[in-house]
Structure formats: C-alpha cells, structure tokens
Amino acid sequence: MIGRHSLELALPGASIGAVAGAMAGGLTLLAGQSAGLAALSALALAAPLALFGGLYGVLLGRGVFRPGTFGPAGLYWMAAYPLSRLFQESVAGVGLADGVLPFLGFQAMVSLGFAIGFIWLHERLMPHWLLHRAGDNPHAAELLDHYVRHAQILSRRKGARR
Amino acid sequence: MDTSKPPVAASPPVEDERVWKAGRLEPMPIRKLPDAPPSVHILGPTVFLVALGVGMGESYMWPRLVLLFGPEIRWLFLIGVTLQAVVMLEMARYAMATGESIFSGAARVFKPLMWFFFIVAIAVYIWPGHLSAGAAAFEEITGVPWVATAVVGLILVGMIFSLTKVIYSVLEKVLSLLIGVLVISTSVVASLVGSWSDVVSTITGMFAFGYLPPEAMSAAWFPVIVGACAFAGPSGMQQMWYTLHLRDSGAGMGVHIPRIRGLRHAGEEEAMPSRGFMFDTEDPAEMAKWKGWRRWVTFDALLLFWGITMLVTISFTVIAQAAVRQNPAVRTAVQGDDREVALGAMSDAVSSVGSSVLGMIFLGFIALIGLNATLGLFDSFSRGQADMTYNFVKGAKKLRMSHLYAGFLWGVIIFGILILLFGPADGPSGILDTLAFLSTFAMGAYCVTLLLVNNRMLPKPIRPRWWTNVIIGFGAFFYLGMLFYSLFAFGVVVG
C-alpha cells in the first residue's frame, strides 16, 4: 500500500497535471456550454492528469524513474496522456469523429510534447518540495540525496572556476 | 598536438606551461577539461536557444505557409531546423573546447570577420521590432496599447538584468518556467483541437522533398519562403550568442571563465581572462571526458532543440489547419501581408473551434513567445557586444565585463524606447521586416566562419568530421543561395 510518505512525493507532479488539465482543458470548452458542463470537462482532464502526474512522483521515489531522464517518462506519458484524454472525451466530450484508434494515436504523438514540458517543470519543482519535506519524510530525504549528489558533482565542476 | 614549451626544459613539463597556438592571437594555455555532467540531464543552456528560436517562424510564418501552399512545403522547414541542430553542435564544439565565444574564434581567423558580426548585430538587433508581435498580441487580449507594454517591458528587462547577482542563473530559471508552460499548454491545446489526419499531413509533408508549387516561385512569395527558412529555429546571430551562454554555464572549458554578473554586483566579478583555454587532446582520459561533453550537447541538440522546435511548429500548424476547417475565410486573411490581421484571423478561427477564451490562449502564446524572445535577445545581444568590446577594443579591459554588458543593455533599451515613442510609426510589422536581409546574410556568413574556425583553430583530434563540414557548407549555400537567388531573380530580398 502506498503510504503517506510516498504520497507526499506525488504532490509536484499532481499539481502540474492538475493545472495543465484545468488550464487548457477547462477554458477550451467554456464556449456555449453551461458552467457545470465546462467545469466537468476541466475536471475530467485535470483529474487523470493529476493522478498520473502524482504517480510519476511516487514511482520516481521508488527508483522506477531516474530524475531528469526523458526516455522512460516519455513512454509513460505516451500511455497516460491518451488515456486521460479518452477519459475526458467519454465523460464530457462531444464524441470521437475519427474513431477511437486514430484518436488515441494522435493523442500519443502529442503526449511526447506534454512529457517534455512535464519533466521540464517537474525537475524545477521537485527539489524545492523535497527540501521542504526531507526532515519528516525518509522517502523524500532519499530522493533529495539523489538530487544533492547530482548537484554536488555539478558544483565541484563549477568550483574549479577561478 | 601543436603545443610549444618554453625554452627551459630542465624540469618535467608542467601542464600550465604548455599552450595551444590558434591563429595570431594570444595562445591558449592547456588546462584540465572538467568532467561532463554525470547523467544526460534535461536542462542545459540550450534553454536559451529554444527560447530564442521558438518564435515567429514556428508560431506564425510556417503555419501560414502551410495554409497557403499545403503541408508539403514543410520539407523546407525540416531542412532548416535540422541544419540549425548541426550548426548548434558545431558552435558548441568550439565554445566547449576553448571557453571562447565564436566571435573570438572568428577574430583568430581574421579580425575583420569578427567586426563584421559586431556591426551586423548592431544594425539588426537595436530595433525593438521583436517586441512588437508579442506586445500587439497582448494588446488584443487586454486592450493595453502595445507601445506602452513594449516600453514597460523594456524597462523591466533592464532592471531585472541589472539587479540580479548572476545573470545566467536568473535568466535560466525564468526562461525555463516560461518554456515549460508554453510546451505543456501548446501540447494540450493541440491535442484538443487537432486530429490524426492533421498531424499525419503535417508530418508527411515534411518529407515531400523538392515540392515547390508554381505560385511559390513568384516575386510575391519566394522571398517570404526565404524569410521563413531563415526563421526555422534560431535566426540571425542567435546561434553565435549560444556560445556565450555555453561558456557562462560552465560547459566544457567554459568552466575556467568567470561568469558575468548584474550591474549591482559587478564589483564581485573576477578578472576576465583575455583568451580561452585548451585541453590536452593527446591524453586519452581528457578525450574520454570530451566525448562525454559531446554526448551531453548532442542530447540537448536533438531532444530539446530539434524536438521542442518541431513540436511547437507541428502544434501550431495543427491548430491553424483546424482553424481553416472551421472558418475557410482564414486562408484569405493569411494571404495578406499584414501579420496582425493574419494572427487575428487565426485567433478568431481558433476561437470558433472552442471559445473566445481559446482565441485568447492563442494570442497569449504569441505574447509569451514574444516575452521569451525579448528576454533572451536583449541579454544575448549585450553579452555578444560586451565580449567583443572587452577582448578587442583597446582600453576596454579597464572596465569590467559586467559594466560593458550593462552599457550595451541600457543602450539598446534606451534606443528602443526612443524608436518606439518617436520612430517610424507604420506599425509593428514595419520594423521587423527591415532586419530580414542582414539577418539571413549573417546566417550564411556564420556557416562559413564555423568551417574556418573549427577546421583551422582546433587541434586535429577534435575537429569536425567530413560529413559535418559538408552539412555546414550546405548551410552556407542554402542561406546565401536562396537570399541571392531571391535578390537577382525577383529583385526582392526577403519577405
């Protein structure tokens, strides 16, 4: 079972997912729809993206992903993003004009872009959050240690500057 | 390698005594190459090149050409961006091997070559034109007059860069955040409005090599295509400035060069050496580290630079295609010369797909891209001019690099404000278009410079391979050939 400590690592990824989903997904579908339906649409994209974003953080804490590397995270989002969009379309969409497979194919391609942006922002937010939580959370301390080792190698390099 | 030792050879050779002679300028002392970053880490100085490169070419010029001539025209974009990725790797080769900028490399080959770039930079980049598109988009959203936004933006940029301690770190943080937001939101919007067939036609269009419809070969459109090719990826001198960012981020031998500080902290700056350094290319351990650095920068070039530039253009093209499907009048609107009208039409059409809010988001992207480009451009211009002035103007070393940087920064800001307030009042587009010829010419010229610098100023083991030289040579032919063909065949420079 995933404990509280692991869940804390999910926060940065979940926030990025939620904000990205709500920002673009919600606003896009405002037109001509009731506020309730628009909110449902935003929620229907934000919720799965937040879930998968958070799961990424948890898996990062367990060593499944390595900080800052793109390949595995790209594959992860190639599956997770189309599923999130499919969920949104089935809950609050207007129907898939092209059929499910072309829809998923298109979403999978776009997802690589989403993955780059996600990792990019996650790498910015996660270390700050870990610094905040490392005192009480051994998982966070462990992951922070990974980031610190990386930063130390970089700073040793910069320390060589005269 | 061609190193020379001092005449007294009684004691065993000490690393510090050896030098690498490159051209007629001061030889470079041999120093240790630092270790390459331990993992292929996603964030590097490429963030600047991406910020500068993803601009009007990706968000406007290419989507517009696709609407006019069909997705097949994108084969030229593929060539342009791929060429720029190779140029980036070659720029990085000299900067990482020496810690010098490409401008210093050019001066080692032939000093007037460097002065040529010094003058072109001033001629092209002191005009505040690049601010106009973003500020005009901001005006569409908020109603705030674009001149006011542009002036306030200019002053803010100057203050930020003057007050911060280490300019590179702050700029990297801000640009990273902006690009992250841009990449995520462009992807999400494209995923909402686009379809499989849009993206398939956009991508297959990239491989229609040689496609040029008859109407493209006209005085009205060929110059526009030349301009768009020059704006595929970083344009003008942006690649040359990238070498300064590499150096300031401590990549490769850049680690031996101090960083530039903001004006308020200029007193803390270490003395800037007047030349770069070289590592021992005959030492296998050093060469192994060099390979690590090359892997690092290649990853940056392929995934970050090539990948993000492609992604943003494909997304914008998909958005534009969706827009035309909804509202065919957009095609007519983008045929006109007026960029604001065309952007407005694209925004309206995007609105009709989703909502007026989506049109706002589209304009918001344009404003965001404009802000990215402005932050990056002002910093890079000042950095480049300060670098050349410090190293090659007599007496300039009495000042600190940070003072020169601040001088150029505020010079370009004040000039920009004066032009915006009292300059040619023919609207934003008018300013941007005058830069096109010199900007494209500089790109052909830097390809030639790169060939000379990397093949003559670097030790043999780290010189480029023959096929890289062929690609860069093709680059010179591509930019200069198209530019002069347009000039002689149609009598128009660049559109």
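Glycine is no exception: its Cβ is also placed from the backbone N, Cα and C atoms.
Annotated features in TrEMBL:
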- B:40-61: transmembrane segment (TRANSMEM)
- B:73-92: transmembrane segment (TRANSMEM)
- B:113-138: transmembrane segment (TRANSMEM)
- B:144-163: transmembrane segment (TRANSMEM)
- B:175-196: transmembrane segment (TRANSMEM)
- B:216-237: transmembrane segment (TRANSMEM)
- B:301-324: transmembrane segment (TRANSMEM)
- B:357-378: transmembrane segment (TRANSMEM)
- B:404-423: transmembrane segment (TRANSMEM)
- B:435-454: transmembrane segment (TRANSMEM)
- B:466-494: transmembrane segment (TRANSMEM)
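A contact between the transmembrane segment (B:466-494) and the transmembrane segment (B:216-237) is present, since 3 or more of their C-beta pairs, 6 or more residues apart, lie under 8 Å. The transmembrane segment (B:144-163) shares the most Cβ pairs under 8 Å with B:404-423, out of the stretches B:73-92, B:113-138, B:175-196, B:404-423, B:435-454. For the transmembrane segment (B:404-423), the neighbouring stretch richest in Cβ pairs under 8 Å, chosen from B:73-92, B:113-138, B:175-196, B:301-324, B:435-454, is B:113-138. Between the transmembrane segment (B:216-237) and the listed ranges B:113-138, B:175-196, B:301-324, B:435-454, the one holding the most Cβ pairs under 8 Å is B:435-454.
Just going by CB pairs under 8 A, the stretch in B:73-92, B:301-324, B:435-454 that sits most against the transmembrane segment (B:113-138) is B:435-454. Within the chain, the transmembrane segment (B:73-92) has long-range Cβ neighbours (under 8 A, six or more residues past its boundaries) at 46, 49, 53, 62, 65-66, 102, 202, 205-213, 216, 225, 228-230, 232-234, 239-240, 242-243, 246, 251, 297-298, 300-302, 305-306, 309-310, 313, 317, 446-447, 450, 454, 464, 468, 471-472, 474-475, 478.
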